[in-house]
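Trainee: First, the structure itself, so that you have it in front of you.
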Amino acid sequence: MNSDNFNLSEKIVSPSYIRQGSQARRGHEQLIRQLLEQGKCPEEGWSESTVELFLSELAVMDSNNFLGNCGVGEREGRVASSLVARRHYRLIHGIGRSGDIAAIQPKAAGSSLLNKLTNSVVLDVLKLAGVRSVASCFVVPMATGMSLTLCFLTLRHRRPKARYIIWPRIDQKSCFKSMITAGFEPVVVENVLEGDELRTDLEAVERKIEELGAENILCVHSTTSCFAPRVPDRLEELSSLCSKHDIPHIVNNAYGVQSSKCMHLIQQGARVGRIDAFVQSLDKNFMVPVGGAIIAGFDESFIQEISKMYPGRASASPSLDVLITLLTLGVCGYKKYLSERKEIYSFLAEQLKSLASAHGERLLHTPHNPISLAMSLDGLQANSDKAVTQLGSMLFTRQVSGARVIPLGKEQTVSGHTFRGFMSHSESYPCPYLNAASAVGITREDVTVCIKRLDKCLKTLKKEGGAVSSSDQEVSIGE
C-alpha cells in the first residue's frame, strides 16, 4: 500500500498499529530500493516475503496483469492454468524482443526490469567469484552446450572464412556437439599425460594453428571445469597464443563459477592474453533447475553482439530462478556455500584415499583439478573385464548418483567423430577409474553415505569375482 492508503487505514484500525505495519513495509521497500540503486547482489539474503513482494510488484507492471487490459494481439500473456501462472509469479511475457534478447518489452516493464536486474546481479557475483575485470554478461535460457553454439555462430559473422575450431579434448558430448551444430569442424587436440593428470598440449595447439592458418580458425575452445584426471586447460598460455595469432578464444566454464581456481584462470587469461567469452551453467553453479546459462566476457560490445544473435523472445524462467536464489542467499549465503564446497572437497579426497588404500587402489594425484577426484580401479579390472562397468551399475541402483566409472578402451562415435578411450579424455589412459566430485551444495553426509556404499560394492565384487545380480547389470554408468 502507498502512504495514502496507510492514512486511510488509520481510520479503520488503531493508528499506532497501522504505523507499525507501515514501518515494516518500509523495511521491505528499503531492500528493494538498494537493489534498484546498486544492481548488486545484497550482502545478506532476503526473506521469502521480501522476494515475493518484489516479484508481485514487478508482475503488476506487465500488461497481462493490468486491470481492464484489452489484448487483441497474438501474444498477450494469456495463461490457461492458474497453477502455471502462480509458478511463474504471473510474469508471463518472457524477456527480450524479436531482435534482441536484452531489449525492453513495451508490454512488460516488470519482466524487462527483472531481466536487467538479473544480468546486473549475476555480473556482480561473477566479479565476487574471482573474475573481477568481467565487463558484461547475460542470462540465456539455454544450457551450456547451446550457449556455446550461440557464441560460435556470432563469431561466424566476424570470421566468415573460418572452418575450424581448435579444441583440447574433453570427453563431454555437449561441448563437442556445440561446435558441430554451429557448422564448424572441431580439430581435436589430444591431451598430454603429466603424472596422473591430463593437461593441455600447447605445442600441438600451436602446430595446428600454423598448419591450418589463423584466418581459417574460428576460435580456440578451451575448458576449465572437467572430470579428473583431466584438469583445467592452461588458460594463460592458450590466451597468449590466441592473442599472438589474433584468434578468438571461447572458454567452457560449465561449473567453474564455484571454483576460485577456475575463475582465477579466466581472470589471468584475460589479463595476459585473449578471452572473448566464457560460458557457465546456472544449475551447476547456483542450484537452480536445468535450462539456463550465463554468457560473459571482457568486451561489452561483443557480449551485446551475442545477445542480439539470439532469435526471438526468450523464457524468463532461468532469469527468475537465479534472481530469486541470489536474493535469498545474498553474498554471505553464496560465499558460505563456496567455502563449504572447498572444505568437503578435502574431506572427500581424504575419504576416497583411505577407501582406495583399503582396496589396494589409489587416489589419482590431480592437484590442478579443484572439483573432481578419481580413484584407480586396477584391481577390479584384473578381477574381471566387466567388473568396472558393473560397479557403475551397482552404485546407481544403490542411489549413488553422479559417480562416473570409466573402463579402459571404450570407443564412442559422436557426430561422426570416433573417440578412442571415450570418457577418459585420452586415447590410452593407463588405468580404469571412478570419478566423484565436490560440487556446490554437497554435504558431508553425501560423502559419508557414498563412501559406505562404494565400500560395500567393492567388497561384493571382489567376493563374487566380478559377478553381480541381473538387476545390477541393467544400468550402465558413465556420462
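Any Cβ shown, glycine's included, is placed from N, Cα and C.
Caution: TrEMBL annotation is automatic and unverified by curators.
As listed in TrEMBL for this protein:
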{"type": "BINDING", "residues": "Arg75", "note": "pyridoxal 5'-phosphate binding site"}
{"type": "BINDING", "residues": "Arg97, Ser98, Gln105, Arg313", "note": "substrate binding site"}
{"type": "BINDING", "residues": "Arg271, Arg398, Lys463", "note": "tRNA binding site"}
{"type": "MOD_RES", "residues": "Lys284", "note": "N6-(pyridoxal phosphate)lysine"}
Trainee: In the same chain, which residues outside the set Arg97, Ser98, Gln105, Arg313 have their CB within 8 A of the centroid of the CB atoms that define the substrate site?
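Mentor: Everything else in range on the chain: Gly94, Ile95, Gly96, Gly99, Asp100, Ala103, Gly312.
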Trainee: Taking just the CA atoms, what is the gap between Lys463 (tRNA binding site) and Lys284 (N6-(pyridoxal phosphate)lysine) in Å?
Mentor: 37
Trainee: Taking the Cβ of Ser98 (substrate binding site) as centre, how many other Cβ atoms lie within 10 Å?
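Mentor: Looking across every protein chain shown, the total is 9.
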Trainee: With Gln105 (substrate binding site) as the reference Cα, tell me which of the recorded positions Arg75, Arg271, Lys284, Arg398 is the closest one.
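Mentor: Checked the recorded positions Arg75, Arg271, Lys284, Arg398; minimum Cα distance to Gln105 (substrate binding site) goes to Arg75.
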Trainee: Can you tell me how far the Cα of Arg398 (tRNA binding site) sits from the Cα of Lys284 (N6-(pyridoxal phosphate)lysine), in Å?
Mentor: 23
Trainee: Measuring Cα to Cα, how many angstrom lie between Arg75 (pyridoxal 5'-phosphate binding site) and Arg271 (tRNA binding site)?
Mentor: 45
Trainee: Using a 10 angstroms cut-off on Cβ to Cβ distances, just flag whichever of Lys284, Arg398, Lys463 is the loneliest among these recorded positions.
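Mentor: Lowest Cβ count within 10 Å among the recorded positions (Lys284, Arg398, Lys463) is Lys463.
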Trainee: Listed substrate-binding residues Arg97, Ser98, Gln105, Arg313 - what's their greatest C-alpha to C-alpha distance in Å?
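Mentor: Of all Cα pairs among the recorded substrate binders, the widest measures 10 Å.
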Trainee: Could you tally the C-beta atoms, other than its own, that fall within 10 angstroms of the C-beta of Arg97 (substrate binding site)?
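Mentor: For Arg97 (substrate binding site), the 10 Å Cβ neighbour count is 18.
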Trainee: Mind computing the max CA-CA distance among Arg271, Arg398, Lys463, which the record assigns to tRNA binding, rounded to whole Å?
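Mentor: 55 Å is the greatest Cα spacing among the residues binding tRNA.
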Trainee: Select one residue from Arg75, Gln105, Arg271, Arg313: among these binding-site residues, choose the one with the most other Cβ atoms within 10 Å of its Cβ.
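Mentor: The residue with the densest Cβ neighbourhood is Arg313.
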Trainee: I'm trying to understand the geometry here, so how far is the Cα atom of Arg313 (substrate binding site) from the Cα atom of the residue listed as 'N6-(pyridoxal phosphate)lysine', in Å to the nearest whole number?
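Mentor: With the alpha carbons as reference points, the distance is 24 Å.
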